[in-house]
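Take a look at the structure below.
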Amino acid sequence: MRLNVAVFFGALFGALGVLLFLVAFGSDYWLLATEVGRCSGEQNIENITFHHEGFFWRCWFSGVVEENNSNIWKFWYTNQPPSKNCTHAYLSPYPFMRGEHNSTSYDSAIIYRGFWAVLLLLGVVAALTASFLIICAAPFSSHFLYKAGGGSYIASGVLFSLVVILYVIWVQAVADMESYRALRMRDCWEFTPSILYGWSFFLAPAGVFFSLLAGLLFLVVGRHIQIHH
């Protein structure tokens, strides 16, 4: 009875972890950036460019917002314009764009971004592999498959933990926002970029928690089956 309860909760937590990982992987809201520029000299109107990016795409669109209004709601699906500009994020990580920075900065950004992308892909593969192993283990009560599935869940949790840490380092240290701001201020007498972590980013740590918990439960289940059968 206790074994069945552990398997049930392990499967539940594992499914939640995989779902959160897949949504974080497929959505383009790891980063929300707002560029506020006063280029026309008007005091009460701000020309704003909104950026959001994920693994696959980086998109941006323009808007005009009155002062004292919150800009974060502009990223909500229903508040976005019907058309916007998008480019492959792994080819142009924000704020680095080809032609706007020297080749050394751009190449370094691409290498860092590529390493982050590889870890993200490995995390997704590990989570899907873990789910497959657990599905195969259930009919046969195989302690080996339960342990392998649990280890894969733990591996996916560790990989996504590294993904989150690397992304924080990217935003806080690697992305040279000061140089980007200085470049844009050549055209606008006042330019202020603002960066926030998006909801896709926050889904990843939640997935890490459920994935690690599922992995530990399945390791315990596998150990229990090995001892008593």
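Cβ atoms are placed via backbone N, Cα and C, with glycine included.
The N-linked glycosylation site annotation in Swiss-Prot covers Asn47 (among others). DSSP assigns Asn47 (N-linked glycosylation site) to a strand.
The N-linked glycosylation site annotation in Swiss-Prot covers Asn68 (among others).
Secondary structure at Asn85 (N-linked glycosylation site), taken from DSSP and collapsed to helix, strand or coil, is strand. Marked as N-linked glycosylation site by Swiss-Prot: Asn85 (among others).
Annotation source Swiss-Prot lists N-linked glycosylation site at Asn102 (among others).
The region 'Interaction with ITGB1' feature in Swiss-Prot is assigned to 49-59; the stated evidence is similarity to another entry. Outside the region 'Interaction with ITGB1' (49-59) by six or more residues, the chain places 25-35, 37, 71, 74-75, 84-90, 92-94, 117, 120, 198, 200 with a CB less than 8 A from a CB of the stretch.
Taken from Swiss-Prot, the feature signal peptide applies to 1-26.
Per Swiss-Prot, topological domain 'Extracellular' is recorded for 27-114 (among others), and the stated evidence type is sequence analysis.
Swiss-Prot lists 136-153 (among others) with the feature topological domain 'Cytoplasmic'. Note on the topological domain 'Cytoplasmic' (136-153): its mean pLDDT in the predicted model is 92.
Sequence annotations record features per position, and here Swiss-Prot assigns topological domain 'Extracellular' to 175-200 (among others) based on sequence analysis. Under DSSP, the residues of the topological domain 'Extracellular' (175-200) split into helix, strand and coil as follows: 10 helix, 8 strand, 8 coil.
Under the heading topological domain 'Cytoplasmic', Swiss-Prot lists 222-229 (among others), citing sequence analysis as support.
The feature transmembrane segment is assigned by Swiss-Prot to 115-135 (among others). Residues 10-11, 14-15, 17-18, 21-22, 25, 55, 90, 145-146, 148-153, 155-156, 159-160, 162-163, 166-167, 170, 207, 211, 214-215, 218 of the same chain, all 6+ positions outside the transmembrane segment (115-135), place their C-beta atoms under 8 angstroms from a C-beta of that stretch.
Annotated transmembrane segment per Swiss-Prot: 154-174 (among others), in sequence order.
Residues 3, 6-7, 9-11, 13-14, 16-21, 23-24, 27, 29-31, 127, 130, 134, 146-147, 149-157, 160-161, 163-164, 167 of the same chain lie 6+ residues outside the transmembrane segment (201-221) yet bring a C-beta within less than 8 angstroms of a C-beta in it. Residues annotated as transmembrane segment in Swiss-Prot, with sequence analysis given as evidence: 201-221 (among others).
Fewest Cβ neighbours within 10 Å among the glycosylation sites Asn47, Asn85: this applies to Asn85.
For the signal peptide (1-26), the list of distant contacts is 54-56, 120, 123-124, 127-128, 130-131, 134, 138, 149-150, 153, 156-157, 160, 200-201, 203-204, 206-211, 213-215, 217-218, 220-221, 224-225: same-chain residues at least six beyond its ends, Cβ to Cβ under 8 Å. The list of residues near the topological domain 'Cytoplasmic' (136-153) in space but at least 6 beyond its ends in sequence, with Cβ under 8 angstroms from a Cβ of it, reads 7, 10, 14, 17, 126-127, 129-130, 211-212, 214-223, 225-226, 229. Residues 3, 6, 137, 141-147, 150 of the same chain lie 6+ residues outside the topological domain 'Cytoplasmic' (222-229) yet bring a C-beta within less than 8 angstroms of a C-beta in it.
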